[in-house]
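Everything on this sheet refers to the single structure shown next.
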Amino acid sequence: MGCIQSFRQCCDQPKNTNVRISLPAVCCIWQIAMIILFGIFIRYNEESDAHWIDHKTSNNISSNIENDFYFRYPSFQDVHVMIFVGFGFLMTFLKRYSFGAIGFNFLIAGFGLQWALLMQGWFHSLDPMDGKIKIGVESMINADFCVASCLIAYGAVLGKVSPVQLMVMTLFGVTLYAVEEYIILSLIHARDAGGSMVIHTFGAYYGLSISWMLYRPNLDQSKHRIGSVYHSDVFAMIGTLFLWMFWPSFNSAIADHGDGQHRAAINTYLSLAATVLTTIAISSLSQKTGKLDMVHIQNATLAGGVAVGTAAEFMLMPYGSLIVGFCCGIISTLGYIYITPFMEKYLKIHDTCGIHNLHAMPGVIGGIVGAITAAAASEEVYGKEGLINTFDFMKEWKYMVPTRQGGHQAAGLCVALCFGIGGGIIVGCILRLPIWGDAPDNSCFDDEVYWELPEDEENNPPTVEYNNHMRNKAVTESNLSMERRQN
Amino acid sequence: MGCIQSFRQCCDQPKNTNVRISLPAVCCIWQIAMIILFGIFIRYNEESDAHWIDHKTSNNISSNIENDFYFRYPSFQDVHVMIFVGFGFLMTFLKRYSFGAIGFNFLIAGFGLQWALLMQGWFHSLDPMDGKIKIGVESMINADFCVASCLIAYGAVLGKVSPVQLMVMTLFGVTLYAVEEYIILSLIHARDAGGSMVIHTFGAYYGLSISWMLYRPNLDQSKHRIGSVYHSDVFAMIGTLFLWMFWPSFNSAIADHGDGQHRAAINTYLSLAATVLTTIAISSLSQKTGKLDMVHIQNATLAGGVAVGTAAEFMLMPYGSLIVGFCCGIISTLGYIYITPFMEKYLKIHDTCGIHNLHAMPGVIGGIVGAITAAAASEEVYGKEGLINTFDFMKEWKYMVPTRQGGHQAAGLCVALCFGIGGGIIVGCILRLPIWGDAPDNSCFDDEVYWELPEDEENNPPTVEYNNHMRNKAVTESNLSMERRQN
Amino acid sequence: MGCIQSFRQCCDQPKNTNVRISLPAVCCIWQIAMIILFGIFIRYNEESDAHWIDHKTSNNISSNIENDFYFRYPSFQDVHVMIFVGFGFLMTFLKRYSFGAIGFNFLIAGFGLQWALLMQGWFHSLDPMDGKIKIGVESMINADFCVASCLIAYGAVLGKVSPVQLMVMTLFGVTLYAVEEYIILSLIHARDAGGSMVIHTFGAYYGLSISWMLYRPNLDQSKHRIGSVYHSDVFAMIGTLFLWMFWPSFNSAIADHGDGQHRAAINTYLSLAATVLTTIAISSLSQKTGKLDMVHIQNATLAGGVAVGTAAEFMLMPYGSLIVGFCCGIISTLGYIYITPFMEKYLKIHDTCGIHNLHAMPGVIGGIVGAITAAAASEEVYGKEGLINTFDFMKEWKYMVPTRQGGHQAAGLCVALCFGIGGGIIVGCILRLPIWGDAPDNSCFDDEVYWELPEDEENNPPTVEYNNHMRNKAVTESNLSMERRQN
């Protein structure tokens, strides 16, 4: 404990938020490293290479429409919107951190997807013939998925870290993700098309652990900036809605061609619809006069999409999806009301966006639902071929049975949890070092620190400082009046 | 008349806007009902079921790309965006009702699509073999379409009703829609791919009739809140643009595979382009110095998409689409200038978003254009096969001829009108009961009633109250000064 | 020079911004002209005509999914979003010109796409059999592309021209575009799938030349309105992100079916990711304390997409795309820091949105990269068939070789530059005539001139006038106090 204490002391030096050297250096050097690694390792796969025309002939492919591009590109674009507009705008709700929310989201994603192509490529699509990674549209979707887990983690530390810290967090996050994904999907052979475990559970616990390590006991100095203004809440709804609408694409993007993608989209569509109703119900119940809370609408309505991720491509049945959505809307909203304050007060985990309620709990539920649905699968429901196809009981897994698959799913969930918590603690330690340029406790949640702001502080949007200034002015004036009256 | 009078008196009791019991109860109970009904009735169709692999073999389908998912999913996602972001943000124009616009839009759509899957399923896709409704991507599009009609209706009563009333309105709206759609499309065999009649005419008159029944003579107590602020108008343009851009997908989403979808998209694209120009022309003409009015740009530019809905999949010809768009831009803009004030003053119909100009009139025009185009169809233009294909002159309708089809189209329009007006009056009566928690006349168009608002009322966005407060303060101060001077 | 001087004097008469006659007249008359020309010339192509069913049989097409609609419609919709939301919102950054940015963008695009269908049709898809232009989904994409060049040009003159001028600028811009495109793609046989030369270089120099001709020496009277407020910057990020996310669709929309579209999407995706990092690096470096500038993030992050336009469908290789993106992020950001002020001060070119940095320079780079990549193409990399396919070495070009293709690409770039600069100067002269209703120098960048604004000037969003007003008030009050004290 003494050791930890001294480490803490070493970390708790006065903060210097000047990132003029560190940020450009990290961006440029890492980008150059990416170029070199891409030059060595990454090539087009056979569907995006100019040899496709030969490949088509030799594989008897009748039409260009059989190119995987046409199966997955619309879903890819939807996922892409979720990553950049969805996650970006969802985090604009803070009254004075919209630039940081969108801008750093953009930075994390722009870097993360390149590193993810490499890391995932090494594990999944290394061509043994020439030692190259072959990429195509599915690689781009997977890279976006990987980035999603880092953006989820960003939600927990929003407003409290520097862009350099975010780059470091993303570097390690993507690395851990790729390893964890390889273990869960390839070694354990769990299925996780929508990433309840691989993306959401991992990402959320990774972020929460980092937030725990970076706990700021004096954060209440910035408390007045944790909150929204009217229009920042409307901006955040842009994020919410694009996430909500395109979640069916997210969960179906890398599902099996044909019925797999089709079913995943339907299940997600239904689950999310049910979540909206229960979120509104609980939000209204939780307030004295039944008023709704925008925080719940912005976040908890999405929980159904998270929780149905793993099972979306299974025969979860339409009513099954509704049940999952129904429960998650309730649990997630209750999380915002009770668990987030509890975690902050007693566990010393400050979770800016409430990712524990939106990603962590629904992700774990999603893993469990997936395990149960897999264990309950039968030839009657899926058909003989359908069962093999859906669960990929082929090659070395051809003797696998559904009940055992359920166990593997559960094992996958545990791996995601371990990587999230373990990785987060280690990375959190690294991020505590006093070299990353993060803001002091009284300047958190403020774009002023890392952004040139337009000169409109005098009235739009209001900052507490301004209000205070106005109040002081009023006080001064009334003092003057007093004085005058006494005259 | 005495009877109506006493009903009115009964309804006009003091309002209680506390929905803490009613809203959660309605949401939860109805959602549970949905789960039960989905459990009993709803299953995957053959293209989204795991048996697809068997179905493919037995039906000699060569590739997964033939799954309807790949024909319709991109259009579905566009429609989905229109429903949630398009309609939601279009209604954010009010200075102090953006939360209600987006949030209740979300609630209506989330509930409505589930109920629509059931209602439409019972009428259209009940499998006689097992009594189950089989759903796929086309069902999801149709459910979204059905929800659109309820959201159109919401536009007429925006800011004047409680969320509980909206749920009731949606329940009945979806039910009426499904019956009306069955009569128009199946019994009468009218064609209506883009829903000019089925969606827009029905939805608009449904909403207008409800608004008529709920007429508030003292609404001018909330008059100062009917209006926009600069940024709320920009938010509304998000809605406008997403509706405008994706309307080609809306009108082509359930059109015939191949040329049907292709043609519907082209016609809608052209019609909307023409509407933009005439809207701007009339808007500029209507003001003394030629200034443009944002209300027109936000709404009337969309009229061309509504009016081309029925005929979009026919051989309307590119210039035909332009003519339709040209006329609708003029009519719709004139509607905003002359008809909306007239309706409010003389017909006692207050139409918050002007849906009469955007949906009702263009919808009726669309029905008429569809009837004329159908009646004028010929084998020369369509080809023998093409004519059969486009108008679905198959099975029991194989002896149908274009001229008669024109008559059926006109009959369909009448059915939509009757259901809209009749249904709206009945539902409006129900909604007048003093049990739904709607706001009093002086609190309409105010998010304060149903939402926990962020504490920024002191300067952003401005409310009239605040301005008054400032003025009063100024007055007080100047009084003080006066007083002092007199001293 | 005397002649130019007297022309200038003739043009520099007092401005009358009343467009109540001219704007409606231009909109209506031109729209009627469109209808007539569409009636004479434009018909559906074989894939969108009802005869498709016959065409399918006679051409042995096995399935409706082979209709070009399914290859290109998702990309078309993405491009459509870029044109209307992307370009529209990107320009909302000015504190008091958001209506003009979105609204006039809408007007230009609505008119431009119709005229583009005609102009491009005459050059590219005139059916020699019946003298009609046959349109389909690819025509719509090309029309949107053509409009993009006019919207780029709008960026240079944003806030300084009237809607009537914009219509004239679009009329000529589309005409020039169609000619230039015909010369570059058909006569010179350069390849330019993403339009680095055809769209961006042409559009940017067209706009810059016009801005040069319309130079206002006294523009500093409106200087206080050139700048953003907090929320207008967030709105602009909506534009940035939708452009950024959908750029892969832009560059792949009209590329070859199969590997061509697939590869173009991958290259663009990678290039843009690299641009984000270098933009942030240079932006941070350029400020004393390493703070980021929103202008750079909003614009320079997109340069990689522009610069990879021509080469996107070639075998540029993933690392090649990263290198292009890397360089363009740096160049574009430096452009904002050094070149834009230089151009304004010394070249008398005021470039409101900085299109020289976002479109002109990256466009030229894109042309050069395309020429080099084409010249370096080899059968080894592309395969024999792949080379023919990618560069379209067919029919009269079957003896073309890659090195010569490189020369043709370079020639194409020159043509684009000449048309842009030459056309811009001529059109700029026309637009200087004092008949177009543009704003006087002290009312630029102000929506007040052409829009009915909501009455919220008293506090949101702040205008300098208001601030001044407040300051004056404060001064008055303190004077009063002084006076009183003296009493």
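Cβ from N, Cα, C; glycine included.
Long-range contacts of the transmembrane segment (C:21-42) within the same chain, counting only residues at least 6 positions beyond its ends with a Cβ under 8 Å from a Cβ of the stretch, are 107, 111, 114-115, 117-118, 121-122, 131-133, 135, 162-164, 167-168, 171, 435-437. Sequence annotations record features per position, and here TrEMBL assigns transmembrane segment to C:21-42 (among others).
According to TrEMBL, the feature domain 'Ammonium transporter AmtB-like' maps to C:67-433.
Outside the transmembrane segment (C:76-94) by six or more residues, the chain places 101-102, 105-106, 109, 137, 140-141, 144-145, 147-148, 151-152, 154-155, 158-159, 225-228, 232-233, 235-236, 238-240, 242-243, 246-247, 249-250, 253, 294-295, 298-299, 352-353, 445 with a CB less than 8 A from a CB of the stretch. Under the heading transmembrane segment, TrEMBL lists C:76-94 (among others).
Below 8 angstroms of C-beta separation, residues 27, 30-31, 34, 37-38, 41-42, 83-84, 87-89, 91-92, 94, 133, 135, 139-140, 142-144, 146-147, 150-151, 154, 158, 163, 166-167, 169-171, 173-175, 177-178, 451 of the same chain, each at least six residues beyond the ends of the transmembrane segment (C:101-119), sit close to that stretch. Per TrEMBL, transmembrane segment is recorded for C:101-119 (among others).
Annotation comment: TrEMBL describes C:139-159 (among others) as transmembrane segment.
For C:166-185 (among others), the entry in TrEMBL reads transmembrane segment. Through the fold, the transmembrane segment (C:166-185) approaches residues 23, 26-27, 30, 104, 107-108, 111-112, 115-116, 119-120, 122-124, 146-147, 149-150, 153-154, 157, 191-192, 197-199, 202-203, 206, 210, 412, 415-416, 419, 423, 426-427, 430-431, 436 of its own chain, all at least 6 residues removed from its boundaries and within a Cβ separation under 8 Å.
Taking Cβ pairs closer than 8 Å, the transmembrane segment (C:197-215) reaches residues 145-146, 148-157, 160-161, 169, 173, 176-177, 180-181, 184-185, 190, 306, 309-310, 347-351, 355-356, 358-360, 362-364, 366-367, 370, 412-413, 415-417, 419-425, 427-429, 431-432 in its own chain, all 6 or more past its ends. The transmembrane segment annotation in TrEMBL covers C:197-215 (among others).
Sequence annotations record features per position, and here TrEMBL assigns transmembrane segment to C:227-246 (among others). Beyond the ends of the transmembrane segment (C:227-246), by six or more residues, the same chain brings 78-79, 81-82, 85-95, 98, 272, 294, 297-299, 301-302, 305, 461-462 to within a C-beta distance below 8 angstroms of the stretch.
Within the chain carrying the transmembrane segment (C:266-285), a Cβ under 8 angstroms from the stretch's Cβ atoms is held by residues 194, 244, 247-248, 250-252, 291-293, 296-297, 300-305, 307-308, 311-313, 316, 318, 320-330, 332-334, 337, all 6 or more beyond its ends. The transmembrane segment annotation in TrEMBL covers C:266-285 (among others).
Residues 90, 93, 191-197, 199-200, 233, 236-237, 239-240, 243-244, 247, 250-252, 255-256, 260-261, 263-264, 267-268, 271-276, 279-280, 282-283, 324-325, 327-329, 331-333, 335-336, 353-354, 357-359, 361-363, 365-367, 369-370, 373-374, 377, 381-382, 390, 409 of the same chain lie 6 or more positions beyond the ends of the transmembrane segment (C:297-316) yet place their CB under 8 Å from a CB of it. If you look up TrEMBL, you'll see C:297-316 (among others) marked as transmembrane segment.
As annotated by TrEMBL, transmembrane segment applies to C:322-339 (among others).
Residues or ranges marked as transmembrane segment in TrEMBL: C:410-433 (among others).
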Non-local residues, at least 6 beyond the ends, that sit with Cβ under 8 Å of the transmembrane segment (C:322-339): 270-279, 281-283, 286, 293, 295-296, 299-301, 303-304, 306-308, 311, 316, 354, 356-358, 361-362, 365-366, 369
Rounded mean pLDDT for the residues that make up the domain 'Ammonium transporter AmtB-like' (C:67-433): 95
